[in-house]
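Novice: I'd like to ask you about the structure that follows.
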Amino acid sequence: MAGGNERSMKALKEVWRRAENSLCADCGKPDPDWASSTLGVFICLSCSGIHRNIPSISKVKSLKMDHWDDAQVQFLAKHGNAVTKATYEAHIPIYYYQPTYNDCQVLREQWIRAKYERKEFTKPGKQLPYSDGVKEGILWKRGRDNGQFLPRKFFLSEREGCLKYFTKQDAKEPKINVKIDVINATFQPVKIGNPNGLQITYLKDNKTRNIFVYHESGKEVVDWFNAIRSVQFHYLKVAFPIASDNEIKNRLTRNFLKEGYMEKTGPKQREAFKKRWFTLDHRRLMYFKDPLDAFAKGEVFVGSRENGYSVQKGLPSGTQGNFSWHYGLTIVTPDREYLFTCETETDQLDWIAAFTSIINQAMTPQEYASKCLDAVSFPS
């Protein structure tokens, strides 16, 4: 019996060591140490918890702590991540957002359920709830002034190239009507205080406007997210006919590079530093008094190094403003310097890394045009 166990463990380790099984099949996290004995995939601990919630589809076991019999090991050897992905990920629409281990629970759960439970990507041309070019339904939206979440009707249309919402079910005119190419959407469960919280942003008069929504159903809110990406993709295919699919995919919704609190001072650099919430959305650095504000109190364009932008650790000598946080950084632009302080050194280094990643990128023609349109503003 012991010899049989040893043979099974040796065979299991051989399958486990295959290059294809070195990353989680669902989120890409390195060194997965769990597997599904019914699907034949190697997964991480976090994804195994999601699999455990669909026991009719997936039975999960630890590769280190649980016993695997010969038949189960043979099943893993016959399948593995590559074979299983070839079946369950055969026809993923290019616009569909495939989450990583850095993404929130609702995105990862619905990705796993879409693959294995609903089998959305096993056959070509399958009608999907986010691929129709139109979507209509209720989302709970946070009020701009009172902060209450109320049901609002949203309407997304590829033909019209826009997203609308209405304050009343029978309203004839929308409260907003936003062109699809100026919209971004990113999941923000912690900020919004709901596991299905979605932040929709768009440009209004070249300034960013935030809308915070959620839906009780994780599937529904992720369907809305992918419907926005679908409509954007097809809209941009028409607008940029010579662009490749991957180039267009890279222009769809994006996560913010960095968010969090810093202290800032005014343009004279003698005022007291004030704690504010900052969002770095590619080349736009915005700050808010509250993370759920509809509009930023100020924005600044972050250009490239070759155009005179840089980030420096610390504050200029002789800085006069009073500040309670002591890990400073300075953004240098052709027009002025912007001074910030962070609560911890880790925050400071993370912000510097985020700014550096943007400043080291060459600016595109569209970004030059955006800079010219920006009324760069960063009041106190």
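The backbone N, Cα and C atoms fix where each Cβ goes, glycine too.
Below are the features listed in TrEMBL for this protein:
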| type | residues | note |
| --- | --- | --- |
| DOMAIN | 6-129 | domain 'Arf-GAP' |
| DOMAIN | 132-233 | domain 'PH' |
| DOMAIN | 255-360 | domain 'PH' |
Novice: DSSP helix, strand and coil counts for the domain 'PH' (255-360)?
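Specialist: With helix first, then strand, then coil, the domain 'PH' (255-360) has 18 helix, 41 strand, 47 coil.
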Novice: Mean pLDDT for the domain 'PH' (255-360), as a whole number?
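Specialist: Reported value for the domain 'PH' (255-360) is a mean pLDDT of 91.
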